[in-house]
Amino acid sequence: MATSISTLPTPFLIAAIDDQQLKAYDWLLTIGSEFTYVWSRRWGIIELLYLFSRYLPFVDTPIMLIYHFYLVDPSIEACHTALTAQCVMYIIGVSISEQIFMIRTWAVWKKNNVVGLVLFIGTAAVFITQLYLTAVYASSLTYFQGYNLGGCFIITSSSKVALLSIGIFLFVQFTYLMLVVVKIYPTVRSERGISLLLNVILQDGKSSDSHGRQLLTITGIFFYIMLFVLILVNIIFLSQPGPISTVLTILTRICHSIFASRIILHIRDVDKHGTNDAFTSTAVRSVIFTDVLCQIEMDDQLNDSDSDSERPSLQA
């Protein structure tokens, strides 16, 4: 059933601008690590995932602002094209960020073939479904035109389709969270001096300080939990009438990007300093998070080294 939407949702526009500032602020905080751990390395699939996850929000959000505010008396066709493009980029951007969480989850299960196959098939099915729902949602929109007010004024949309789309992302994130918790529960159960719940939230392998004491890193599955809660709250907002319903839509998109990007930067940082969760063959791997991202790169480097050693010398 179509639901009426405010013509110019001011809270949504303000939230979108503020969320872009949050994205820019996080980028400034991590640009040094990004240059060290991404741009200065040999490029591969992980770098491409990082690039798209990190920088697509700088593209799709301005498009959203343009169709909402800056277009001067646009045609209905122009509004339909602009909004459809923004929705498609939103889905693609979130899906790319989810790929990083998916690979992270697969790594927790030590690259189990069955788990990897299920996650891959599930991810592909979710992506295709989301593209279909995006097309259905875009076709359900009706626009108001006239009076030279400027911007694209949405009159009605299918709120059920929007809720279903966000609900699928919630289910995916919940699945990743449960897979991680189930896998690490037997390990954290044996820890002492910290509550089980807090241990599960914070644990992400162990590192050692200069005195050899074991420390808990704070990344762990905290990103999983935060993103799950944010998506859940976003669904609650979307189910409410009025302009406030879309306030968290862009924030959810931004946090997908921020959390996924920071996962990769954290992995690279741990790998560089050689702590116990360095996830490479040169360090003692944590039984909790054996990360596949760095291991893939390490395997590639070892293969390259083997190829170089087997290449015959050109000298006489």
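Here the Cβ of each residue, glycine as well, is placed from N, Cα and C on the backbone.
Copied over from TrEMBL, here are the features:
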type: DOMAIN; residues: 24-59; note: domain 'DUF6533'
type: TRANSMEM; residues: 48-70; note: transmembrane segment
type: TRANSMEM; residues: 82-102; note: transmembrane segment
type: TRANSMEM; residues: 114-141; note: transmembrane segment
type: TRANSMEM; residues: 161-182; note: transmembrane segment
type: TRANSMEM; residues: 215-238; note: transmembrane segment
type: TRANSMEM; residues: 244-265; note: transmembrane segment
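Residues 49-50, 52-53, 56-57, 59-60, 63-64, 66-67, 71, 74, 119-120, 123, 126-127, 130-131, 134-135, 137-138, 141, 152, 154, 165, 169, 172-173, 176, 223-224, 227, 252-253, 256-257, 259-260, 263-264 of the same chain lie 6 or more positions beyond the ends of the transmembrane segment (82-102) yet place their CB under 8 Å from a CB of it.
In the predicted structure, the domain 'DUF6533' (24-59) carries a mean pLDDT of 88.
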